[in-house]
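Trainee: Dumping the structure here so I can ask a few things about it.
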Amino acid sequence: MLPSSDVRQFAFDVASNERVGDGIFRMVMHAPGLAPILSPGQFVNVAVPGDPSHITRIPLSFAGTDPKAQTIEIVYAVVGEGTARLSRMGEGDASTVLGPCGKGWRLDDVSGPALLVAGGVGAPPVLAAARGLLARGIPFDVVLGAQTAGKLWGVGLAKSLGAGRVVVTTDDGTAGIKGFTTVAVEQMQGERDYADVLTCGPQPMMAGVARLALADGSSCQVSMERMMTCGFGACNTCNVAMAAGGYKACCTDGPVFDAREVAW
Amino acid sequence: MVSEPSMAVDLGGIKMRNPINTASGTFGYGWQFEGFFDVSCLGAITTKGCSAEPWDGNPAPRMAEVTSGIMNSVGLQNPGIRAFVEQDGEYLSGLRERGCQVICQVAGHSIDEYVRAVELYGELAPFASGLELNISCPNVSQGGAAMGATPKAAAEVMRAVRGRTNLPVVVKMAPHDVPEIARALEAEGADALSLINTIPAMAINVHTRRSRLSRPTAGLSGPAVHPIAVRMVWEAHRVVSIPICGIGGVTSGEDAAELILAGATSVSVGTANLVDPTSAPRILGELEDWVREQGATDVNELIGAVEC
C-alpha cells in the first residue's frame, strides 16, 4: 500500500473569538469540511495572518467540534507574538488551517472508569476526550490544574459533559487544592480504581501523572507538545524521544502516545 | 494566440519539465504533499537526506521561529536508505513515471559513509533520477566542520563518489567560500550544484540564557536568507559552467525569477512548503507568468540574464 497523508488545507473564518480568562481565549472557527472529520486529541495547524515576518503556523488542539455548524472550538493561551496575533482575529476574519493532524486519543482502548488530567491549556484536548467518553458511556472524573484561578478554563464544561467529579488545583491556591495536579491524582486514586488515565499539560506534569498512573496499574495516554513546523510529517522538527531509543514524530505518530513509550 | 513558453530545463542530466524542485528536508518523501496538490506537476522533488545506516538526529527542540525565517537542527534524522526505499520506493517510482524527477539526497559523516550511501542508492533505488550530495548540513558535524567546508574537503568527497555512480550528482553547498568550492566541485566532475544550504545561526532565550534549540547553533532558512542565496548563486554562476539549483527563501515566483536571473537553472522551494504546503505549484504558476511577461519563449533564455 502506498504511504499517504490525510492532512488537507481548509479555508476558515472566525465565528467568534473572545477572552475567557487571564490570557486565555476561545475561538470558534467555521471550517467547512474539516470540522466533521476531526477526532478528539488530533490538532489543527492555523495560519494567522497579519505579520509576514512571522511565517510559521500555530498548531492548536481543540475542545470540540460541531459537525452540523462546521465549527471547531479552540481554547488557547496567549504565550507569544503568534498567539497574541491570533487573539486579535475578529469575527469574519479568514485564513487557512491544515488538518486533521496527528493521531488522537485511542478512546476505543479506554474501558473506564477513566481519570482525565489537564494542566493549563491541556484542558481543551482533555475535554475533547471527555466528549468522546460521554458518547461511549464510559464514566470519568476530571482534574483541571492551572497556575492561578484566573487562568482556569473548562470547569463548567467538564461538569456539563457528565464528569463524576471535577477537581481543581492551582499552583497558588486561588482555586481548589493548592498544588500541582499530581496531588489531586494521588488523592483520587485512593478513592476510585481508574482503569485509564488520559493527560495533557506541561511535560513535567505529564511525567508525574504518568508515573502515578502506571504505578497504580492504569493505562496512560499522554498528549505531547513540541515546537512544530509543518504538522504533517514533512520536516522532522517535532521529535519525541522514545523509551526504546530514537524518536517519533509528535505531529504524525502523536501527539497522543502511550506513556510507556515516552522517554520522560 | 500567445504560445506557451517552454519551461523544461536540464539540471546536469536531470531533465525537468519545469524549473521547480523542492529543497530536501522540507518536502518529506513527497507523498506527504499529494493531499495538497498533484506533486507530479513539479520539475523534480528532492527527498529527505538518507544515509547508509539510520540516524536518530538531534534532541528536541529542533525548531525556533525567528524574524522572517526558521532555524532548525534536525540533524538529518532518517531511517537509512534500505528502510527509505522499502517505505517510499513504490510511491517515488510512480512519481517518476508521472513525469516528475526524483533527486535523492545522500547524507554521510565521512567519505566512506558517502560512498556506501551512493552505492546503496545505486543498488536499491532505480527511481532516482539523480543524487544530491549533502556535504554542508550545519547540524551533523561532530565537533568539526561539515564535510564540504573547504574546497579541498569538498573535492575529496566528490572524487570519492564520482566513480561509484552513473547518476547525475548535484552537490549541495554551504553558504560560504562559494566560488572556490564551486570550482573545486566542478573540477571533480560534479554534474550540478545546489545552493544554499541553511546558514549557521544562533538564537538565545534571554530569560533562561539557553539556546532556543537543543544545540548552540542551527541552520537558518526562509525569506531572511533569500538575498544571500541570490548573491551566492550569482557568484557560483560566474565561475562554473555546470548548472545550478538555486535554493533559499523562495516564497514567490519573483523570488524564483531572481535566482534564475542570477544564474540558477532550477529553483527549489524549501521552508515555504512547511508554511503553505501549496507553495510549490503556486510559485511554478507565478514563474510561468513572469517568463511570459519577459517575452521569452524559453525559460533557459533567462538563466543568468541579470544585467549588473
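Placement of Cβ uses the backbone N, Cα and C atoms for every residue, glycine included.
The structure displayed is predicted, hence computed values, not measured ones.
The domain 'Dihydroorotate dehydrogenase catalytic' annotation in TrEMBL covers B:8-289. Annotated FMN binding site per TrEMBL: B:Ser24, B:Lys48, B:Gly49, B:Asn134, B:Lys172, B:Ile196, B:Gly222, B:Gly248, B:Gly249, B:Gly270, B:Thr271, in sequence order. As annotated by TrEMBL, substrate binding site applies to B:Lys48, B:Asn72, B:Ser73, B:Val74, B:Gly75, B:Leu76, B:Asn134, B:Asn197, B:Thr198. The active site, nucleophile annotation in TrEMBL covers B:Cys137.
Quick one: where do these features end up spatially?
Mentor: Model confidence over the domain 'Dihydroorotate dehydrogenase catalytic' (B:8-289) stands at 96, taken as the mean pLDDT rounded to a whole number.
For B:Lys48 (substrate binding site), other Cβ atoms within 10 Å of its Cβ number 24. When secondary structure is read from DSSP and collapsed to three states, B:Lys48 (substrate binding site) falls in the strand class.
Taking the Cβ of B:Asn134 (substrate binding site) as reference, residues of its chain lying under 8 Å away and at least six apart in sequence are, in sequence order, B:Ser24, B:Gly49, B:Leu76, B:Gln105, B:Val106, B:Ala107, B:Lys172, B:Asn197.
Neighbour list (B:Cys137 (active site, nucleophile), Cβ cut-off 8 Å, at least 6 residues apart, same chain): B:Gly49, B:Gly75, B:Leu76, B:Ala107, B:Ala146, B:Asn197, B:Gly219. Classification of B:Cys137 (active site, nucleophile) by DSSP places it in coil, neither helical nor stranded.
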Trainee: Neighbourhood of the substrate site (B:Lys48, B:Asn72, B:Ser73, B:Val74, B:Gly75, B:Leu76, B:Asn134, B:Asn197, B:Thr198): other residues with Cβ within 8 Å of the Cβ centroid, in order?
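Mentor: The surrounding set, listed in chain order, is B:Gly25, B:Gly49, B:Cys137, B:Pro138, B:Asn139, B:Val140, B:Gly219.
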Trainee: Just to verify a number: CA distance, B:Thr198 (substrate binding site) to B:Gly222 (FMN binding site), in angstrom, no decimals.
Mentor: 9
Trainee: By the criterion CB under 8 A from chain A, which of the recorded positions B:Gly49, B:Cys137, B:Gly249 would you report?
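Mentor: Contact set vs A: none.
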Trainee: Just how many other Cβ atoms lie inside 10 Å of the Cβ on B:Ser73 (substrate binding site)?
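Mentor: The answer is 27 other Cβ atoms.
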Trainee: In sequence order, what residues of the same chain, 6+ apart, have a Cβ less than 8 Å from the Cβ of B:Thr271 (FMN binding site)?
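Mentor: Listed in sequence order, they are B:Ala23, B:Thr26, B:Gly69, B:Ile70, B:Ser221, B:Gly222, B:Gly249.
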Trainee: How many neighbouring Cβ atoms, not counting its own, are there within 10 Å of the Cβ of B:Gly75 (substrate binding site)?
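Mentor: A count of 24.
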